[in-house]
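To start, the structure under review is shown below, and the notes come after it.
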2 protein chains.
Amino acid sequence: MNSVKVGLLGLGVVGGGTWKVLVQNAEEIARRAGRKIEVVAVAVRNVEKARALVGDQVYVTQDGLEIVRRPDIDIVVELVGGETVAREWVMEAIVQGKHVVTANKALLAKHGNEIFDAAHKKGTMVAFEAAVAGGIPIVKAIREGLTANRIQWLAGIINGTTNYILSEMRLKGLSFNEALADAQRLGYAEADPTFDIEGVDAAHKLSLLASLAFGIPVQFSKVHTEGITTLAKEDIAHAERLSYRIKLLGITRRTSQGIELRVHPTLIPIERLLASVEGAMNAVQVQGDIVGPTLYYGQGAGEMPTASAVVADLVDVTRLQFADPGHQVPHLAFQPGSMADTPVLDMADVVSSYYLRMRVDDRPGVLAEVARILANHEISIGSMFQEPHGPADADIIFLSHEAREGNIDLALEEIQNLPFVRSNVIRLRVESLL
Amino acid sequence: MNSVKVGLLGLGVVGGGTWKVLVQNAEEIARRAGRKIEVVAVAVRNVEKARALVGDQVYVTQDGLEIVRRPDIDIVVELVGGETVAREWVMEAIVQGKHVVTANKALLAKHGNEIFDAAHKKGTMVAFEAAVAGGIPIVKAIREGLTANRIQWLAGIINGTTNYILSEMRLKGLSFNEALADAQRLGYAEADPTFDIEGVDAAHKLSLLASLAFGIPVQFSKVHTEGITTLAKEDIAHAERLSYRIKLLGITRRTSQGIELRVHPTLIPIERLLASVEGAMNAVQVQGDIVGPTLYYGQGAGEMPTASAVVADLVDVTRLQFADPGHQVPHLAFQPGSMADTPVLDMADVVSSYYLRMRVDDRPGVLAEVARILANHEISIGSMFQEPHGPADADIIFLSHEAREGNIDLALEEIQNLPFVRSNVIRLRVESLL
């Protein structure tokens with residue numbers, strides 16, 4: 001049988017990894033795919049450097065458009081990243097009737113609806129396993145493994161950098177800045193770590209997961225996104241004392257009023273599997289109405305884990321490339337005509353439990369006043385403890401029962417204005433994951 | 001588009017669950033599959049009882065052959081269990097050119113090669129996600145999600161009954177028989193639990209997983225199978241003291257001399273995710289050369305989790321049913337012409353670490369003599385402790401470094417014959433899962 005011909009756009013970390021995997025495991029991959037998968041052309045900025053890796057048999061150019069327009073190419077693999085050139089080349093590949101494999105979560109989070117729509121009209125596949133949670137086949141699990149279920153919610157550790165930082169903060173008692181510096185030194189965080197530590201990368205991925213889970217359009221702009229930059233090591237320690245661990249979770253949930261879509265540091269009970277996911281590892285828990293809880297764990301980033309997902313998509317597309325479009329697996333799990341317009345829930349309407357910490361004057365009546373304000377906003381307290389801080393101050397830590405976020409907002413505004421409250425009130429969300 | 005017509009063989013626990021899921025989530029499933037999936041005929045022993053569940057619109061018969069021969073049926077779902085009628089009906093369904101979905105691990109473990117071969121020749125699909133680890137999409141993950149990888153090994157908790165019993169033994173300090181009685185009372189173990197507690201059920205599943213992972217024929221008869229019936233609560237406690245937990249694992253590993261294929265109680269380090277899988281839950285860790293470790297967790301049995309997998313297969317087959325056979329996903333992950341004849345490794349050639357416990361006279365020279373025999377067989381000791389037992393006896397517990405199982409066999413035979421050894425020597429295997 002003829003080999004499948006691939007045009008590779010980008011030969012950086014993931015592109016280079018993909019090349020290596022296709023060479024190293026060529027035989028194993030062909031045994032599975034039923035034919036050889038062959039990179040015939042590569043687009044890169046540095047042509048000389050690329051030639052040194054891929055040799056003389058592969059055509060190397062700087063012009064991605066030249067590659068996506070080559071009639072002999074079956075599948076275009078986009079690994080240049082970003083949203084400008086990548087978008088142009090992917091859209092042109094679709095126009096040319098090519099199947100596309102991409103690891104570009106930013107591109108899909110922002111332009112996915114346009115891209116999937118164009119691909120649907122043209123009858124080509126756009127596969128993106130590598131865009132979410134690296135080597136974990138989570139896209140496939142949701143899109144194909146759990147199709148019997150109405151997904152109720154999912155929650156995931158989907159950014160390895162922040163999970164590494166949080167693990168280090170907890171295990172070594174470091175501050176955020178100290179742990180970040182360590183992570184940068186060891187290569188777990190980039191020189192400009194903004195997208196990771198501010199939760200943007202996780203929000204990109206979450207918007208894709210929500211779409212797969214609920215059959216809704218990709219809605220990155222509606223994700224409530226908080227990072228971990230303001231997280232204090234005290235809160236990590238207090239959480240442990242309460243038998244919780246803090247993880248940066250991407251959470252999406254179907255409620256009767258809409259879809260929750262949020263990324264933020266979250267207290268989860270220590271005995272949950274997600275709480276044991278340490279270092280740069282990723283894991284996603286998916287709750288289906290039929291199957292109950294399922295969880296998927298693995299390396300969420302890096303050259304080889306991401307390449308593993310890219311190549312799995314290549315095998316998938318190879319297996320399916322001659323199926324008529326009506327019998328390909330839909331890009332976003334649901335048939336294009338069956339997407340729902342369920343609204344995304346306003347953050348104020350999200351119901352959660354809360355961890356609250358405030359520094360106050362250590363004198364009678366303080367607790368009573370705070371408790372009164374919470375009660376006025378229908379926030380009831382599950383547990384509470386107080387820690388002295390210096391001669392005249394104390395930290396009060398509350399764990400609330402479930403409350404509307406809007407009510408918490410109002411209560412915190414009032415509490416913040418009390419004369420005896422001496423710091424910003426810290427508010428973290430708590431999820432039971434049950 | 002026309003609905004897909006399904007003939008359902010068996011309407012017991014899983015069959016009934018499958019029916020319920022197809023009714024309850026009909027809309028969600030059609031949104032994903034692109035068409036309605038409709039059960040048009042059911043074969044059951046008790047026709048009246050079935051009619052009460054499925055109503056008048058569905059044809060009910062006792063004769064499965066009648067159903068698999070109906071020209072209007074696209075997919076046959078076999079949920080009768082066993083290996084006699086089930087085998088006959090599945091083989092006839094294939095002869096009739098039907099696609100088959102089954103949850104029958106015993107059937108596939110023993111007759112899978114014959115069934116898959118017939119299906120390949122006829123160009124039909126045989127899907128069996130529900131046969132391994134219930135609702136966890138582990139078949140799909142290995143067959144399609146990790147295709148970039150040479151799988152190095154996998155290890156799984158793939159029997160919920162035994163995992164429940166082991167959790168109870170540990171958490172409540174129960175003996176095996178006490179925990180089994182509890183499990184039977186609560187419905188986690190059947191009246192005749194032999195297949196579960198002797199490891200046979202896990203061996204069925206492992207033989208399928210090994211085939212998917214390595215592209216080898218299904219070889220149930222070659223699985224080294226030990227159950228948990230002789231496991232003492234003392235060993236569970238000793239293991240904890242050494243920071244290990246005992247799980248019944250199915251393990252298969254690629255070595256330079258052959259494929260390891262074994263089910264037995266195993267000590268694993270407490271900090272591994274698999275060690276935290278409690279109760280009736282299942283989990284499988286898969287190690288790929290490219291992706292590193294991945295893990296899949298969920299409910300491994302029961303009406304709804306198993307039905308979740310059956311229906312996922314129905315959606316898969318529906319999506320692919322008009323693809324030409326060359327472009328369907330291969331039953332066993334690898335193309336039929338690409339299966340390997342890698343031998344299954346003899347158990348004596350397996351290399352592992354070992355936990356050894358022996359009751360001995362508590363007097364000088366005993367330890368020296370045992371240590372001498374171990375050393376003679378090239379078995380070196382990682383750690384060791386001794387516990388007094390009564391006035392004149394003691395239990396000695398060893399944790400060995402890696403050794404050949406054949407050497408352990410010889411050493412234990414000698415040790416067992418020492419005059420001061422007063423009990424059977426207990427031997428459990430230890431896996432680092434790294």
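Glycine too: its Cβ is placed from the backbone N, Cα and C atoms.
TrEMBL annotations:
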- A:LEU9, A:GLY10, A:LEU11, A:GLY12, A:VAL13, A:VAL14, A:GLY15, A:GLY16: NADP(+) binding site (BINDING)
- A:LYS105: NADPH binding site (BINDING)
- A:GLU190: L-homoserine binding site (BINDING)
- A:LYS205: active site, proton donor (ACT_SITE)
- A:355-429: domain 'ACT' (DOMAIN)
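All features noted in TrEMBL, drawn onto the structure.
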residue: A:LEU9; record: NADP(+) binding site; Cβ contacts under 8 Å, 6 or more apart: A:GLY15, A:VAL42, A:ALA43, A:GLY64, A:ILE67, A:VAL68, A:VAL76, A:VAL77, A:GLU78, A:LEU79, A:VAL80, A:ALA86, A:TRP89
residue: A:GLY10; record: NADP(+) binding site; Cβ contacts under 8 Å, 6 or more apart: A:ALA43, A:VAL44, A:GLU78, A:LEU79, A:VAL80, A:GLY81
residue: A:LEU11; record: NADP(+) binding site; Cβ contacts under 8 Å, 6 or more apart: A:TRP19, A:VAL42, A:VAL44, A:LYS49, A:ALA50, A:LEU53, A:VAL54, A:LEU79
residue: A:GLY12; record: NADP(+) binding site; Cβ contacts under 8 Å, 6 or more apart: A:LEU79, A:VAL80, A:GLY81
residue: A:VAL13; record: NADP(+) binding site; Cβ contacts under 8 Å, 6 or more apart: A:GLY302, A:GLU303, A:THR306
residue: A:VAL14; record: NADP(+) binding site; Cβ contacts under 8 Å, 6 or more apart: A:LEU79, A:ALA103, A:ALA130, A:GLU303, A:THR306, A:ALA307, A:VAL310
residue: A:GLY16; record: NADP(+) binding site; Cβ contacts under 8 Å, 6 or more apart: A:LEU53, A:GLU303
residue: A:GLU190; record: L-homoserine binding site; Cβ contacts under 8 Å, 6 or more apart: A:THR161, A:GLN184, A:ASP196
residue: A:LYS205; record: active site, proton donor; Cβ contacts under 8 Å, 6 or more apart: A:LYS105, A:ALA109, A:ALA131, A:VAL132, A:ALA133, A:GLY156, A:ILE158, A:ASN159, A:GLY250
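Each residue of the domain 'ACT' (A:355-429) gets a DSSP state, and the totals for helix, strand and coil are 23 helix, 31 strand, 21 coil.
Of the chain residues outside the NADP(+) site list A:LEU9, A:GLY10, A:LEU11, A:GLY12, A:VAL13, A:VAL14, A:GLY15, A:GLY16, A:LEU8, A:GLY17, A:THR18, A:TRP19, A:VAL44, A:LEU79, A:VAL80 have their Cβ within 8 Å of the site's Cβ mean position. The secondary structure of the residue listed as 'L-homoserine binding site', as reduced to three states from DSSP, is coil rather than helix or strand. Counted within 10 Å of its Cβ, the other Cβ atoms near A:LYS105 (NADPH binding site) come to 27, all protein chains included. The Cβ of A:GLY15 (NADP(+) binding site) has 28 other Cβ atoms within 10 Å, all protein chains considered. In the three-state DSSP scheme, A:VAL13 (NADP(+) binding site) falls into the helix class.
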